[in-house]
Every structure is written in C-alpha cells, then in structure tokens.
Amino acid sequence: MGYSVRTVLDWAYGGVDHSIPGNGGQECSDFIGGTQRIVETIFFMVLGSALLYFGYKSIARDPGLPSKYDRTDPTIKRVLLVMLCMTFGIETGFKFASGEVIYLLNPCHLVTMVQIYLLAAPPSQSSTVVFRLGMHWGHGPILALLFPVLNTRLLPFEPEVYYIQHVLIYFVVPPYLLWMGGAYTVERVSDLRWSIISLGIQYTYHFGPLQLFAYLTQVNLNNMLCPAISDPFHGQYWRCWSLFHQPVLTFCHNKIYTALVMAILSPFRKPSKVNGDTGKLEIIC
C-alpha cells in the first residue's frame, strides 16, 4: 500500500523540476509570508463567494435560456470531439510520463475538459449554462498562446501538442459551437451576470483548491505560489493585481471575442431546427 501511494505521488508531482525559476520549490513557496497569504486567501474567497451568490441569485430569477433545442449531432461535432479527446489524451500521457500529472489542475486543462463535455453532451439547458460560463475563460488559452511556457516541456512533440491543444480550445471549438447556435448561444452584451459568476468561479478555484494543492506540493500551479519570471506584475502583490486585470479580461474578452466570431461566421451559417433561428448570428444588446 505504501509503495502504491508513493507511486501515485511520484506520478502526480515527482517529476516537477524545482530548479527552474518560477516552477516551485521552497523558495517559491516562501515568496510571500504566511500572514499575507492567509489575508489574501480570505479576501478573494469571500469576494469570489459573494460574486457567485449574487450572480446566481440574479440568474435564477431570469435565466434567459433557450426553451427548445436542436438535438441533431453533426459529424463535424463528433470529429472535433475525437480530435480534442486525442489531443488531451496525449497531453495527459505526457504528464504521466514526466511525473507532472498535477499540472492537469491548471485552468487551460479544465477548459479543455469543459469543451469535451460540450462536444459530447446533447444540447440542453445544462449545455447552455456550461457554454456561457466557459466562454468567459477564453482569455486563459489566448494568453497561453501569446506567452507560452515551454522550458519544462522536454519530451518529443510535447511543445507541438501544447500549441495544438490551445489552438483547438480557442480558435476551433468555441467558434464552431457559436456557429451551431441553439444551445450554444451567449447572453446579451449588456448582461454581465454570467461574467460575474465566471469571475467568482475563477477566484474561488484559484485561491481555494488550486492554491491548496500548490502549497502542499510546492508546485507553482498557475503562479499561485510565486509570480512567473515574465509576469508584468512581478512583485510581492502580484496576486492582488488580479483584482483589476481579471475582471477586465473576464468581462471584456468574451464580449469582443464573441462579436468578432459572429461577424466572421454569420454569412456562412445555416438555420438550425430551433424555432425562430434564421441562421443569422446576431449580437443582442
């Protein structure tokens, strides 16, 4: 039994190289004091919980979800599901081979899992809810593409799979689902309730389970222990800056991204079987 536990832990984070700056280790874990870490954690957990509560309470009164759904399962959707599952499966295999399975807790991998669910599950109100929330996390994959961290990816084709995964979850799957319409529709531009809930989920996840696993294993998951070397907000209060840049990214990126995708894809879209669907993608204010 002891050997099994050690093996699991070795798979989880035994291969993480703490000698790489910003990757983890005792120095990274001690970047800020315990008091500051506790105060920041309490603040952001309370803030995140409040955002979740008020956002959910507002949506519960008027969800604004479609009442009818097109239940067809297009071939392209299934092909994308196979492609994304294969890519994520290879990425997971790399993590097991290198003893870095714990990195699957990072947000971009969770976004990948969300999109696999959306491609696999039949259209429903649950799909619409998950889709609208997931669209607000798209700034993560684009930042990962613009500022890739590849110095820890040493296995053959590991960097290539990194790019393939992030291209799929940013440039391929979300635009295709928006093009399908039906269950995969977004809220009005002026409706910020879904943005508020998405931001609440981000804060509670990062300062809750993600930080806990990072602290226990001394692995710098999504820079929760210490800032990345290239972090423009590098310093003692790098996490506090998320109070400003995350709301901007969460609220604005989704609206701009959706508007651009709709403008590009609208001429190529055909009507679905959902009543009232004319086939034209429109941005409703």
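Every residue, even glycine, has its Cβ placed from backbone N, Cα and C.
If you check TrEMBL, you get these features:
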TRANSMEM  41-59  transmembrane segment
TRANSMEM  79-97  transmembrane segment
TRANSMEM  103-121  transmembrane segment
TRANSMEM  133-150  transmembrane segment
TRANSMEM  162-186  transmembrane segment
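Among residues of the same chain six or more beyond the transmembrane segment (41-59), those with a C-beta under 8 A of the stretch's C-beta atoms are 193-194, 196-197, 199-204, 206-208, 211, 239, 242-243. For the transmembrane segment (162-186), same-chain residues at least 6 beyond its ends with a Cβ under 8 Å from one of its own Cβ atoms are 66, 69-70, 74, 76-77, 80, 83-84, 87-88, 91, 108, 111-112, 115, 118-119, 123-125, 127-128, 131-132, 134-135, 138, 141-142, 144-145, 148, 150, 153, 254, 257-258, 261-262, 264-265, 268-269, 272, 274, 277, 281. Only residues 6 or more beyond the boundaries of the transmembrane segment (79-97), in the same chain, are considered here, and those with a CB under 8 A from a CB of the stretch are 11, 103-104, 109, 112-113, 115-116, 119-120, 153, 155, 158, 161-162, 164-165, 168-169, 172-173, 176.
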